[in-house]
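Student: Pasting a structure here, questions to come.
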Amino acid sequence: MSSIPTNQAGPSTLNVNVGETLHPHSKSDTALTARQREKAPLRDADLDEITFDDSALDSEIDLLIGQYLESRGISSVSEIWNERILGINRSEERKEWIEDVERCILDGDYSSIENLISKPGLLKSQTQRSFLYLCWRQQFLEHVENRESQKAFNLLSKRLKPLEHYQPVPYDFYSLSYLTSASTVHDAPTFRDWAGVGPERERLVGVWRELMGSERAEALEKRYVPPDRLKTLLRQAAAWQISQVGHTGDGSLKIPSLLTDYRPLQLPERLYHLITGHTANVKCVDLIGPKGALGMSGASDSTLRVFSTEDYSTRHILHGHSSRIWSAASSSSGSTIASGSGDGTIRLWNVYTGECASVLYGDGGDVYDLKWRPGKKNQIVSASYDRILRSWDVETSKQLRTFSGHSQSTLAVAFDYTGNMIASGSKDKHIRLWDAVGGTCIKNITGCLGEITSVEFDQEGRYLLAGCKDNSNRLWDLRMQKNIYRYTGHQNTSKNLIRCSFAHDASLVIGGSEDGCIYLWETEGASTTSSMTIPDVKSLLPSNEVANATPNKPNGDTYSSSTSSWTPAYYPPRDKAGATSVGTNSFDKPTSETIRPLKVSEGHADGAVFDVVWKNGTMLSAGEDGLVGVWSK
């Protein structure tokens, strides 16, 4: 992710400031007189009005790419680019090529000359053809001088005729054609000063040296590009895009991607709706499919509900589990839901019909978490009470592999984007990284002071986010092997299971809390000082009218948080085995920065918010009050 200062756009001829709002486009300047244009206020050029010099555009883009490759230190790729695209060779190799061509000219080996000068990076294509014409011309005159008329005619028709447009002077090809019926070269008026084979070869060598000297000088002149020119242009373009949306602010602004236009971060500002129906606390929520038009929720009343995030209507109520539902996840296509329950089973549901497609029976007790494997539509991995991770084939309902190593119950599991690495979190306060194919433990991460309630990789597999039962969410850099950020302010010490996740292309971290609020942090936000304390969130938040409203149940009854019956969250009994001792590694070092919340949103009644998910600007929250919150911008 690149960042640009919000008060400047770097060296630029566009003269745009990030914090300024653009003037409306006025009439074209062509409709104004010179005096009117001089007095007219400055305006921003429209994209359609900007044109480039097409003759130089491609070569300048090539130069920018070449400079960027050199700045990255990729010497092998940079050399290939310079030779084949920019026409620039290393001096020693270039010198050898020049000498080889000179040797071939003096020896009369003209067929080898064609192969030499056609090598990439030596001459431009037009210059190659012009010099090649001179070489074939010299060979033709030598054939005429040696009275080899048939060879001369063949050379004229097969070699010189296609290059007629590259003749050095007008009517040169016409004069050569005249010599096919002449006895000597001097019979043509144009070649009366021809000095013979040896001197003419020397003269052609001189032309070659002069040509290479001018080409090298031109190449050296074009090689100069202002330092970091490509990045400067990208910053200018980003600054213009940011100014279009009227951004105002201080400090640096991070651009998440160059592949799409800049979109300002819009946090969910209000709770649009509280979805009722569950008769116990809601443990998990998810947005179904790529767009998230449907949502789902699983609760301690042993049911799942599928609902619309647009009109909030209930599509399906999924019955089948005999105990609370700890986790649920939808497949990448959005056609199937997998749910894990306290009854020890995993059920697969058809999103469109609401029917249970299959049941996976394990012997590990409560299934606390499960995830679909990226790139494999038929595989999921689950985390269970018996401390074991299990990989499943959902088509055959068979268990593929187990992952053992944790000393207490596994509470969270996640795949990286490749589907080849698994992260798991446990009550033993450890995070383990696993080879999804081989089943071996790659890394054991310690350092958390509480149980691990959730884990998630970012979209590049570089960072790992974990929810910890020590009032913190933590971010690990897996390449640097250290905990770099610690997100605080929320409460997560006693209830099960308070989860957190990435949002908005991993630029945000969102999570629930035992105080009933939803917390949002910038992934790389401002850190707090060591003496700073987090204030009481409830005392700072304004009253939320939506939270105090009495939403209606689907059957028309009025919901009341004071009279509803919901079951408190609790764990099964703790394992008696203690945590295994693990040696100190780089993940354990206390080098993380503490990040304060960017935003705290209140919407649920008394009780915890267990789970929060975000997709395409829509956010769902799972409350201990038995409600599902739908949030939007």
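Glycine residues also receive a Cβ, built from the backbone N, Cα and C atoms like all the rest.
Here TrEMBL flags 1-36, 544-595 as region 'Disordered'. Residues or ranges marked as compositional bias 'Polar residues' by TrEMBL: 1-18, 544-567, 581-594. Taken from TrEMBL, the feature repeat 'WD' applies to 318-359, 360-402, 403-444, 445-486, 501-531.
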Student: Mind checking which residues of the chain, 6+ beyond the ends of the repeat 'WD' (501-531), have their Cβ under 8 Å from one of its Cβ atoms?
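Tutor: Long-range Cβ neighbours of the repeat 'WD' (501-531): 1, 254, 256-257, 265, 267, 454, 456, 458-459, 463, 465, 467, 473, 475, 485, 487-495, 537-538, 541, 593-614, 619, 621-625, 629, 631.
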Student: Quick one: DSSP breakdown of the repeat 'WD' (501-531) into helix, strand and coil?
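Tutor: Within the repeat 'WD' (501-531) the tally stands at 0 helix, 14 strand, 17 coil.
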Student: In the predicted model, what is the mean pLDDT computed over the repeat 'WD' (501-531)?
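Tutor: Taking every residue of the repeat 'WD' (501-531) together, the mean pLDDT is 81.
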Student: List the helix, strand and coil residue totals of the repeat 'WD' (445-486) as derived from DSSP.
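Tutor: Reading the DSSP string over the repeat 'WD' (445-486) gives 0 helix, 24 strand, 18 coil.
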